Amino acid sequence: MAKVRAALDRITDPSVKAVLNEEAYSHIRPVLRESLTNNPYAIAPDAADTLEKYGIATNPFAVKVHSHGAVKSIENTLLERVGFNLPKEPCIFLFLKRSKLRYLRRGPSNKDIFINLAIEPRDLQRYEEDTLVESWTRITTRYAYISDTLHFFTRKMLADLFFHNPALDVLYATLVLPPEALHKHPSIEPDLYTINYNFNGFQYIPGNHGGGSYSHEFKQLEWLKVGHLKSPELSLTFQMIESIGANHLFMITRGIKITPRVRTFTKDSYVLFPQIFHPRNLNPSKPFPKVKAMQLFTYVKSVKNPTERDIYAKIRQLIKTSELSDYHPDEIVHIVNYFVFISKLDSINSYSDILSLPIWSKALLPIKTKITQLWEKLTGARAFNQLLDALQWKTFTYSLEVVDFSTAPSQRDCFMEDERLETDTLEDEVSQNANNNKPTSLQNIEEAVKNNPDLPWAPWLLILQAHNADCTQKQYDPENNLILPIQEINTLPKHQHPDIPTDLLTLLTKLHREPTTVPLDNHRARAYGSDVKNLRIGALLKKQSKDWLASFALKTENIERQVLMSVIHGAGGSGKSHAIQTWMRSLNRRDRHVTIILPTTDLRNDWTTKVPNLEQANFKTFEKALCQPCGKIIVFDDYSKLPQGYIEAFLAINQNVILAILTGDSKQSFHHESNEDAYTATLEPSINTYQPFCRYYLNITHRNKPDLANKLGVYSCSSGTTSFTMSSQALKGMPILSPSIMKKTALGEMGQKSMTYAGCQGLTTKAVQILLDTNTPLCSSNVIYTALSRAVDHIHFINTGPNSTDFWEKLDSTPYLKTFLDCVREERMNEIVAVEEPPAPVPAPTTHFPKVNPTTVIESYVHDLPEKHGREIFSETHGHSNAIQTDNPVVQLFPHQQAKDETLYWATIEARLQCTSSEENLKEFHLKHDIGDILFLNYKQAMNLPQDPIPFNPDLWTLCKQEIENTYLKKSAAALVNAATRQSPDFDSHAIALFLKSQWVKKTEKIGCLKIKAGQTIAAFMQQTVMIYGTMARYMRKFRNQYCPRKIFVNCETTPADFNSFILDEWNFNRTCFSNDFTAFDQSQDGSILQFEVIKAKFHNIPEDIIEGYIQIKTHAKIFLGTLSIMRLSGEGPTFDANTEANIAYTHTKFNIPCDAAQVYAGDDMSIDYVASVKPSFNMIEHLMKLKGKPVFNTQTQGDFAEFCGWTISPKGIIKKPEKMNMSIELQKNINKFHEVKRSYALDHAFAYQLGDELHELYNESEAEHHQLATRSLILAGQATALDILDYGLRDLK
C-alpha cells in the first residue's frame, strides 16, 4: 500500500487527479449510502472509530441524533446478519417490532409471523397491538428468531419452547450481555456502553444514557457459556455466530453437534502480575493493560533510580483522564509498589558467557553452574533470577470455555459458579452449587438438608460422609470467616470408557469424582520432551540412549489426544488417595492394569506399605515410569510435585492409557525447575492446568486438630488440640522441617531426620519441628502451608534467627505463621533501639512527569547514524562537505552549515538557484498577469481590504522609512563596516553578493538526518535597494494590520502572549485542522507571485518609480553565474512580509475557507482550524503556477496537534514542541553555549511548564519524556524562576 500511495503522490497532472478523484467518489458514494441503512446516526468520532473496528461504517454527513446510536447500529447490523442466514420461507419472530423487517432485508412477500408477549409495561407500547398475545402460541415454522430477550429466559423455558414446537429446528437469538461483567470489570468498549455494578447485579447502559439502561442479574451471564442444553426429552446445541461489544448472535439447533470449545469476545490485551508480596491481598489483583505494563517496565529499567513519585507520575501519564475512573486507588498503590520492587532488581544476566571462555572452562561450566544453582537455593536467588520470576505475567482473557447444562428438574441449579462469575459470599456459591449431581436420591438429600438447615453445604453432606467426614458443625478461621468443607466447585460433563472396571467407576461416582474428557496441552508435552532430549532435566533420563531420547521427543512433538481424567483436589490429610488405595487392596496381586506414579521415593515407599497386596512394579517413580511399560489406568499421586509437562508427555507416549487419576492440593507446594534454561521452567504449574477439570476441592483434614486446621483455613474432622512450643533448641525424636536445602543437608549429616518445607509433602507424623531462620520469610505461602499441615499432635518451632524486632516483623508478614507464632512467641527482652534522625524533607518536584533516562532518549537518535562521510555531501571538485562536526554523537545529530563550506555552498546554489535571462523573466512576468489578479482578489477578500485603492500617505511612508533606518543603524559597527561595499553608489543595483547562511539545523524532522541537505543562501543586495523596499513592505504592513480580520493572526511584530491569547480565544479544537507544507517555497514564487505583489503595491498607491524599480530587481537580479529566475531571495527588504502575503493569497485562492475558521500565518508557515475543500477554479490555474502545497492534517487529539513557528497549538494554549526544545538544549550543552540561551529557552518552555497536570491530556509518552528532560535541564541550570514567571503573558496563576 505504501508503494501505491507513493505512486499516487507522484501524479501532479490536475486532469489525472480529477479523474482519480471522480473514480474514488464513484466507489465511496454507494458505500456511504449503504451505511445509512444500518447506521443513520451522527456518531461521536471515538464511537465511530470503534464501530469501524467491527466493520460498521459511519456516514460522516449523517445528522440524525440518537442517545445511543452506536449501539443501535450494532443491533441493526446483527439483524442484517440474521436476515442473511434465514431462508426465504416464512419465519417466526419473537419479541421484535415489525418495523425492524427492513434491517432483516425481508418484506411482506416472506409472510413472516410476529409473536410478542407483554412481559413488562413498556412492551405494550413497544410492539404492534396485533402482534401481542396472552400466551405462547404454537410455532409452525422451521426457523425462528428471538430478539435481545433470550438472556431473560431460564434454560427450562428454552427447552420447553423446542419441546412443545416440534416443527422448530433452528432458533437464532441475540443477547445483550457484556462478557466483562463476569469479572465486574468496567466496560471494554466505553465509547459504546458503560456498566454499573450495584444492588447484587449490574446495569448495562448503552451510550452512557441511563434512560436506555437494562438491569441484569449475574445469573443471566450463564448464557454466554452454554454449549449444549440437555433435557430428558431433547438436546440443543448453541454456537455463537457473531459478537460485537456486548451484543451477541447465537444459533440454537436440535441435537448434539460440535460447537467451538472456547468463545472469544475480544483480543487478550491484559495481564495479571505475579503475587510477590505477602500477604496476598497486598499485591496487584486486577488485570492491567499489557501495553501499559510494558511501558512501565521499560520505563523503570531505563531510568536511574526511579522514585515512587516518578512511577506514580508515569502511571498518571499513561492513563487517560477519561479512564481514571476505571482504576481503584489501592490497586494503583499495589502496582506502584510492584514496579518499585522490580526497578531495584538487576536486569543484567549474572551468569557466565561462553564466548569468552577457554575450552577447559567451557567443559567445567556446567559443573560450575550446578554448584551456583545449588548455592542459590541455599542462600536465595540472585537479583536477576528474582526479576525474571517477578516478570512472569499471566495473560488475562475474557474468553470462556463452553459448558453443557441440563434442564432436568433435579438438576436445575447445577450451574458452575467458577472464579469468573463473582458472587457476594462463598457461602452463597456453595449453596447454589450444592446440587444433585450425586449418586444419591433426591429424598436422601432433602432429608440431609432438613436435618441441617443452617449449613450452607448441607446438600453435600452425603458426599462428605463418603469421605468419612462428619461436617455437621460450623468452624471458623482466625478472622471469624466460616470455613467451607467443599470449595471450588466446577460442573463438568461425565464420560465413561467400557474398559474402566465397574467397581472403580462406582467408587468414583459415589465420591462425585466421575471422569471427564481432558484435552492434552501439546505445548507442555513438547517442552518436556525437548528438555529430556537435550538433557536439561532429569537424572535417570540423562542416562538413556540418544535414540531413546530422540524417539521420546518425537512422540511428544505433535499430540492431538483427549484422555479421561478424574482430578481429585483436597487439603492435606483429606483422604484424597484413601479411597483409591482401598480399591487397589481388593485387586489381584498380579494385576498389572493399574500403575501408580509418584514424585519421590519416600512417597513410593508409603504407597507400597499401604497397598501391600500389589507387586512393587505397580509403583513407579516418575522417571522410571517413562522408561518402563505401564498399565491402562494411571494414578498420578501428588501430581503437583511432578515436573511441568510430565503428565502430558507421559500420556502422549502411552497411548494405551484409558483413565488417569490425578490427586493433588492447590494450596501446597509445586514442582520448581532449578534449570532456568529448561523450557519447562517457564510453564504454568500443573495444578493450575488441571484445576478446571476438578469437580470440587475437598477442604477437610483427618490429620490436623481443629485449632491447627482452622488456622490454615481447613475444616477439621478430628477432635482435640494441638500442642505448640518454641525454643532455640531442637528436640529429639521428631523430624525437622527446614526452609533451605543447606540446613536440611547439614541436619541430615548430624543424624537428624530432616526435610525441607516443600519436600515434606506427603508426610504425616505425630509431631514435627519447624525451623525458623532468615530464609523462612522468603518461602511462599504454599510451602509454609505444606510444612504446617504435617503434624497430628505437636508442632515445635525452633528459632535460630535473630531475636529482633525486624526478624519478627518479617515472620509476621509471612502467611499462616503469624497466627501460630502469636501463641508461642517467647518473651523478648526490651531492646534499646537507636532513634534515627528523620531524613531531610525532599522538596516537591516542580514537574508532574516521571523521571526519564536521558541516555536512553538520546540513544534512540544516535544508534542508527552512519559515520560522518556517509552523511556528508561529496563533490569531486571540493571533496566532502563539513556539516557533521566533532566526535560528540549529540552534536553530530545537528548539521552545522557554515559559510566557508565550499561543497555545501555549491550544492546549495545547484539546489536553490536557477539561472535564465532577463528576457525570459519579463516574458514570465507578463504571461502571469491574470493569475496575479486572481491571487490579489482572493487576498483582498481574505484580509478585508477596502473596495477602493488606498490613498498614498507620505507621512506614514516617512515614518516607515525612519523605522527601517533606525533598525539598520542598531547593527554593530563591525557589521556596518563589513557591508561597506554594498553601501557604495558604485555597487550594481541589480547585482547580488551571494553567501551561504551559517546555522545549526534544529528542525525536528531533520534531527539525525542520514544525508546532509542543501543549505540556505543569503542574497546581499545593494543597501539602498534593501532600504527602499523594506520601507515599502513596512508601509503595506501597517494597512494589513489595520484591516486584518479577527480570525486571522499574522505572527509579525507580536509576542508569544499575543499568539497564545488568539489561540485560546479563536481556535476550534473540535475538528481536524489543516496546514500547508510548501515545496521549495522561495524558489517557486514565479511571475504569478510577482504580478500579485505589483498589483498589491498599486492598490496601496505606492509610487510608480518604486514599483518599476522592484520589477527591475526581480527580473534582472544577477549573481556571478548569470541572471536569476524570478524567485524569492532571503536578502530582499520585504522577504518576510512578501512571503506571508503570498502564503495568504495562495491559500485563499486554492481553498474555500469559511469566515469563522481561525487562521495563522507567518512566512511560508500557516495553519487553519478547518479542513477546507479545494475551489474548482484552482484546478484551472494550478498547472500554471510553480508554487505547490502538500496538505498536512492533524486530529487535534493527544500527541497530534498542529505546529506553527515552532509552537504547538493545543487546547490549553501554545507550547513549544518538547522534542525540539529538549534536543536543542542538549545541543547547546554539548557545544558549551547553554549558558547563553538558557533564559530564553526557559521563557519559551514556561508556557508548557505552567500547565502542570493538564499536560497529560496533550503529550504522548515520547513528548512527555522530552518535556521532563527539558524541564530538569532548565531547573538544574537555575532557571526555575523563569519557568514560574507570571508576567510573561501566560495566565494569572495566583
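Just so you know, glycine gets a Cβ as well, placed from its N, Cα and C.
Database features (Swiss-Prot):
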- 59-224: domain 'Alphavirus-like MT' (DOMAIN)
- 541-698: domain '(+)RNA virus helicase ATP-binding' (DOMAIN)
- Gly570, Ala571, Gly572, Gly573, Ser574, Gly575, Lys576, Ser577: ATP binding site (BINDING)
- 699-832: domain '(+)RNA virus helicase C-terminal' (DOMAIN)
- 1071-1178: domain 'RdRp catalytic' (DOMAIN)
For Ala571 (ATP binding site), the nonlocal same-chain Cβ neighbours (under 8 Å, six or more residues apart) come out as Asp665, Lys667, Tyr697, Leu698, Asn699, Ile700, Thr701, Leu712, Val714, Ser789
Which residues, sitting 6 or more apart from Gly570 (ATP binding site) on the same chain, put a CB under 8 Å from its CB? Lys576, Thr663, Asp665, Tyr697, Leu698, Asn699, Ile700
Near Ser574 (ATP binding site), which residues of its own chain have a C-beta under 8 A away, given they sit six or more steps off in sequence? His467, Leu698, Asn699, Ile700, Thr701, His702
Beyond the listed site residues Gly570, Ala571, Gly572, Gly573, Ser574, Gly575, Lys576, Ser577, identify every same-chain residue whose Cβ lies within 8 Å of the center of their Cβ atoms for the ATP site. His578, Asp665, Leu698, Ile700, Thr701, His702, Arg703
On the domain 'Alphavirus-like MT' (59-224), the mean of the pLDDT values is 89
Counting every protein chain present, what is the number of Cβ atoms, excluding its own, within 10 Å of the Cβ of Lys576 (ATP binding site)? 22
